[in-house]
Amino acid sequence: MAAPIDRSTRRLLAAFRYAFTGIGYLARTQRNFQIHLLIGSIAIALGIVLRITHAEWMILSLTIGMVLAAEGFNTAIEAVVDLATRERHPLAQIAKDVAAGTVLICACIAVVIGILMFGPRLWMLWLGLTS
């Protein structure tokens, strides 16, 4: 017979369940999260094909995680603001705009990292195929 699960383990498992529920919500309902997932998947595929280094894998992983996390924070902030007020309020608009702007900053940084990481390899591949 299996040993009973203690209270702290149940709480930990519940916390993971809530976290995965949140990730599932993002993946099912948030168009921008889906777009970032797709682009991140393409970047991972490029990393495999172009055989990036371990250090580059770390950078790529952190970059993809940064963008997805920012999108998650943005969604959470928008939900809380919508819960707090249905009326248009300048502070509510600031909260939403700043959250969206933060995602944009992260996405722009990710594009720069992607260009620096993949650009030279893709350029050399292109030159090799066209000559």
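Cβ from N, Cα, C; glycine included.
The annotation in TrEMBL ties Arg11, Tyr18, Glu87, Arg88, His89, Lys96, Asp97 to ATP, and of the candidates under consideration, Glu71, Glu78, the one tied to the same site is Glu78. A distance of 11 Å separates the Cα atom of Glu78 (ATP binding site) from that of Glu71 (substrate binding site).
For the pair Glu87 (ATP binding site) and Glu71 (substrate binding site), the C-alpha distance works out to 24 angstrom. Taking every pair among Arg11, Tyr18, Glu78, Glu87, Arg88, His89, Lys96, Asp97, the residues listed as contacting ATP, the largest Cα to Cα separation comes to 38 Å. Glu71 (substrate binding site) is 12 Å away from Lys96 (ATP binding site) when you measure Cα to Cα.
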